[in-house]
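Peer 1: Let me give you the structure first, and then I'll get to my questions.
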């Protein structure tokens, strides 16, 4: 494991997401100050077009903005055109070992090609892919993975270190630049959180190319979410990183949900309801956990950014409720209801859920109206 020194890697100066080169993946811009986009990857067999399209539609509904599919064989490659015709977000072809699958994917009209430099090492084959992408204006993601680095780099650095990952990316970038290709996105993923963070920060000190940030093979929830949140969050908090994927061993829709929460926590995205709630203690006079679950279930449809505080006592409750859009600070059998920092009334314990949901919908509607007016 690498020693974690994110603030003191090299000279500490990075190409931030505002300074990276813009790369267009279909209609989505990565880098150049664009909002951090959310990606995921399908778990279906790509050649099963119906199943793959159905899963992508679920991902779209959840908020996925770019989707990747595996292309391990010709059947999968031939399916790409039919998948692309039925979805609404950019499609990325994930290529391993066989350069011919990349050429077929390009012919099918995918929006980006991703390959691992450790898996396609023949320079002539790489050149064929790059030239085909350049002709069609298709960007390339250099997907460096700690688990499949070139043996020479492993020997040089004594293992899959962050420095080895950055050098792997640097070598591949040099090849692409040699052929005049600069529509490049780079990822440097490890299952080790600290190695991942250091690799991205080291890379961002040297190259202006946008980065796709993630922790590979993070595992199932909740562990995978925690590992990803720490790794991705640490990189993004330094101003580095242009698009993210939370890799989880579960339904990929959960990856999108986790990614949205990470971006919200960092202030990089404002959408949907956030419930602020205390962990409860002996001072609490209400069934706080049940209240939180009921409110959460009733406000999930709201897409406008909204903070709702559900607090169980008068110690921290009033303060937290005041800084939220609305909230309650509960006492025995009753609660103070706050709206935009002001107490509007005291309500009975049995009315808490209905009062919060009703006000949340009312405030959300106000925000929708304000947004509509500002866009006119």
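Each Cβ is built from the backbone N, Cα and C atoms, and glycine gets one as well.
Pulled from TrEMBL, these are the listed features:
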type	residues	note
DOMAIN	20-259	domain 'IspG TIM-barrel'
DOMAIN	275-361	domain 'IspG C-terminal'
BINDING	278, 281, 313, 320	[4Fe-4S] cluster binding site
Peer 1: According to DSSP, does residue 320 ([4Fe-4S] cluster binding site) sit in a helix, a strand, or coil?
Peer 2: helix
Peer 1: Quick check: with 278, 281, 313, 320 left out, which same-chain residues have Cβ atoms within 8 Å of the centroid of the [4Fe-4S] cluster site Cβ atoms?
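Peer 2: Counting only non-site residues, the set is 279, 280, 283, 284, 288, 311, 312, 315, 316, 317.
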Peer 1: Since the record lists 278, 281 as binding-site residues, which of them has the fewest other Cβ atoms within 10 Å of its Cβ?
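Peer 2: With the binding-site residues 278, 281, fewest surrounding Cβ atoms within 10 Å: 281.
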